[in-house]
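Undergrad: Got a structure here, written out as structure tokens. Questions coming.
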Amino acid sequence: TAWRVLESGGSELDAVERGCGQCEIDQCDGSVGYGGSPDESGETTLDAMIMDGNTMEVGAVADLRRVKNAIGVARKVIEYTKHTLLVGESASLFAVRMGFPYEDLTTHKSLSLYSEWLNQSCQPNYWKNVVPDSSKSCGPYKRHEEVTYKEEQTSSQRSVHNHDTIGMVVIGVSGTVASGTSTNGAIHKLPGRVGDSPIAGAGSYADSTAGGAAATGDGDIMMRFLPSYQAVEYMRMGTDPTVACQKVISRIQKYAPKFFGAIICANTTGSYGAACNKIPGFTQFHFMVSSPLLSRPTEQVVDCI
């Protein structure tokens, strides 16, 4: 979809918006758009961002409720405000002012996912250091008087199959770069949780003097390292896109060796690459590429490191 927009004369931002928007409509992987990844209260909320690598403008929404086209609302943040990020109920009100309809993001599938989770004593979840024991029961939880600092439990086992993101980097014929993301976030997240996807430099980053990158995976860990920004800076220094991606993954591995995540990188010449962290159940990363050198959109695969 994004490639067709470019071929028909649309801008790089148009391509990102329409490409990510198509995934929202298709509910890609159940982890983008409406009807997936219900939070602890059973509600589906959306995060998205879009970035213009010429002006460095970013539009983003997080914890967006009752509006399906998150990437479209993010684009309107650039076009009609001087802000970068709008969140929660206020982001939804902004969306309505911009002409987006209120729609229910809940589906039979998301309701069944929520019901199954409740029937399994709310496992898995994202609480720690609380009573009652969050590994055995549902809340409401209270904080422990004494906080025990133990090694953070890896969320890789739950993350590999429970959420992903559409991340996109578009390089125009003149070298202009745009990027974007859209996701419904981590399943069974605490209401109000925002991951890496709508955060500039974390979920994606675009700079028309260097390139663009987009990340996917365990956003709570990955956002701490601004991986997309770091990858673009490596490419600015002349690092090959594949190596830039690998260096970013290696940096996170030092602190969270069992994290679930991957990143794609593309520079202004059209070279591209990707890298991922190797964990059980996730040994390869698949991503799609369209370019003048390819007759059709092509799936690429890299081995995780």
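Any Cβ shown, glycine's included, is placed from N, Cα and C.
From a predicted model like this one, the values you see are computed outputs, not experimental measurements.
Heads up, here are the entries from TrEMBL:
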type	residues	note
ACT_SITE	T165	active site, nucleophile
BINDING	R193, V194, G195, D196, T216, G217, D218, G219	substrate binding site
Undergrad: Counting every protein chain present, what is the number of Cβ atoms, excluding its own, within 10 Å of the Cβ of T216 (substrate binding site)?
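TA: 27, counting other Cβ atoms within 10 Å of T216 (substrate binding site).
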Undergrad: Taking the Cα atoms as reference points, how far is T216 (substrate binding site) from T165 (active site, nucleophile) in Å?
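TA: Spelling it out, the Cα of T216 (substrate binding site) and the Cα of T165 (active site, nucleophile) are 6 Å apart.
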Undergrad: Fewest neighbouring Cβ atoms within 10 Å: which of the binding-site residues G195, G217, G219?
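TA: Checked G195, G217, G219; of these binding-site residues, fewest Cβ neighbours within 10 Å: G195.
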Undergrad: For T165 (active site, nucleophile), which residues of its chain lie six or more apart in sequence with Cβ-Cβ distance below 8 Å?
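TA: Result: S31, V32, T181, S182, T183, S197, G203, A214, A215, T216, G217, G219.
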Undergrad: Tally every other Cβ atom lying within 10 Å of the Cβ atom of R193 (substrate binding site).
TA: 18
